[in-house]
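S.K.: First, the structure itself, so that you have it in front of you.
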Amino acid sequence: MSSLEINNSCFSLETKLPSSHQSVEDSASEPSGYEAKDPPQDTLKDVDDVLEKPKDIIQFTAKKLSVGEVSQLVVSPLCGAVSLFVGTTRNNFEGKKVISLEYEAYLPMAENEIRKICNDIRQKWPVRHIAVFHRLGLVPVSEASTVIAVSSAHRAASLEAVSYAIDSLKAKVPIWKKEIYEESTSSWKRNKECFWAADD
């Protein structure tokens, strides 16, 4: 392998006026000498925050991961940075030629642990959206097994958050991989960082 991102809740908020109503701008007459002013920037920011709540998107899937699609899930007009981690299957391990990896996960615990990681990130950095997607089943060489994307107003927060996310995922989330070699042999592996899988 090389590395890993998930589905929480996405929603859009849409407000429409009935056709029989006019907007306040259209119907209200302006007093003489009235000068229109832009709303305060703080007010605009508050409105943006209400319309776009932070999202934690977590997904395990047997389908091929699209880095572009996962990245797009965290894009926000409030953010100037999207940072990514993409883990792919490499073609060798200790001199053996790897043709694919096979992933398994204990899903209830895995999803719960990733949500904890997302909460930890939000306590440490001012990020907007977080997406963590991980493949299950067979993943051929060069395909992505993990995609993590984080958006933030400035790049430092999202870069640090992505690094923390993959390190924590490898250490805490119950995911196993089987390396399948060219000579028709295979071997189950665990992440060395996993405290819960440590040898006695």
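Keep in mind that glycine also has a Cβ here, set from the backbone N, Cα and C atoms.
Swiss-Prot lists these features:
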- H154, R155, K170, K177, K178, E179: substrate binding site (BINDING)
- 16-30: compositional bias 'Polar residues' (COMPBIAS)
- S20: phosphoserine (MOD_RES)
- 16-43: region 'Disordered' (REGION)
S.K.: Near the Cβ of K177 (substrate binding site), how many other Cβ atoms are there if near means within 10 Å?
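M.R.: Counting Cβ neighbours of K177 (substrate binding site) within 10 Å gives 20.
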S.K.: Report, as a single number, how many Cβ atoms besides its own are within 10 Å of the Cβ of K178 (substrate binding site).
M.R.: 14
S.K.: Could you tell me which three-state DSSP class K170 (substrate binding site) falls into?
M.R.: helix
S.K.: I want to check the contact list for H154 (substrate binding site): same chain, sequence separation of six or more, C-beta distance under 8 angstroms. What comes out?
M.R.: G80, A81
S.K.: Taking the residues the record says bind substrate (H154, R155, K170, K177, K178, E179), how far apart in Å are the two Cα atoms that sit farthest from each other?
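M.R.: Max Cα-Cα spread across the substrate binders: 38 Å.
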S.K.: If we count other C-beta atoms within 10 Å, could you say which of the binding-site residues R155, K170 has the fewest?
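M.R.: Fewest other Cβ atoms within 10 Å, among the binding-site residues R155, K170, is found for R155.
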